[in-house]
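One structure below.
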Amino acid sequence: MASHLVFLALFAMACSCAIASDPSLLQDFCVADKASPVQVNGFACKGAKDVTAEDFYFSGLDKVGNTSSSKQGSAVTAVNVAQIPGLNTMGISMVRIDYAPNGMNPPHTHPRATEILTVVEGSLFVGFVTSNPNNTLITKALNKGDVFVFPKGLVHFQFNNGTGNAVALAGLSSQNPGVITIANTVFGSKPFIADNILAKAFQVNKPTVDMMQAQF
């Protein structure tokens, strides 16, 4: 019986390690030293004596994003470890998203983060799609003050269904959540994915694939 209990305890510990997220901090902070030649998963730490308040600071989320420069009519202002070195190892970041009328943040995923979004101005139609085999579309119309969660890794989108501009703020559970925009990834890869592969995958002809790739 004792041996069985030991086995179960070790098994539980192994499972907990396998499903664990980023490790907890072992110190107060680890400000990213972007000049360091050391290659780690994240960034090496800057010396504590060299850390200043600026390492934990960003200014600019009050500024309206330039949606006119995007074909999709949206602009994302990111605040992650690239902008705030002090976010290194903290497992958190945020973005501001501006949307022109009928603008959208197109279908995309964050491979390393769950996203929680709140509408600050205007209204949005948002949604995400569950994984295979169901591929269920879950959507919601949001107004100012509403909050919606996009689970980690799932394809999701936001669309400004109002008549005026819209603004959202979102928190993400990673210092560097990453973003994979589906259309850009599939049709705009460098080099292109062979058109016969995409034609078979999407069940369309090669000229249709060529037309889609020409957009990117």
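Note: Cβ is positioned from N, Cα and C throughout, glycine not excepted.
Note: TrEMBL annotation is automatic and uncurated.
The oxalate binding site annotation in TrEMBL covers Asn105, His110, Glu115. Take the CB of Glu115 (oxalate binding site) and look out to 10 A: across all protein chains shown you find 23 other CB atoms.
Every protein chain shown contributes to the tally, and the Cβ of His156 (Mn(2+) binding site) ends up with 23 other Cβ atoms within 10 Å. According to TrEMBL, the feature Mn(2+) binding site maps to His108, His110, Glu115, His156.
Per TrEMBL, disulfide bond is recorded for Cys30-Cys45. Summarising the environment of Cys45 (disulfide bond), the number of other Cβ atoms within 10 Å of its Cβ, over all protein chains shown, is 20.
Across the domain 'Cupin type-1' (59-210), the model assigns an average pLDDT of 97. As annotated by TrEMBL, domain 'Cupin type-1' applies to 59-210.
Under the heading signal peptide, TrEMBL lists 1-20.
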Cα separation, His110 (oxalate binding site) to Cys45 (disulfide bond) (Å, whole number): 25
Among His108, His110, the one of these binding-site residues whose Cβ has the fewest neighbouring Cβ atoms within 10 Å: His108
C-alpha spacing of His156 (Mn(2+) binding site) relative to His110 (oxalate binding site), in angstrom: 9
Residue among binding-site residues Asn105, Glu115, His156 with Cα closest to the Cα of Cys30 (disulfide bond): Glu115
Fewest other Cβ within 10 angstroms of its own Cβ, chosen from the recorded positions Cys30, Asn105: Cys30
Pairwise Cα distance for His156 (Mn(2+) binding site)/Asn105 (oxalate binding site) [Å, integer]: 9
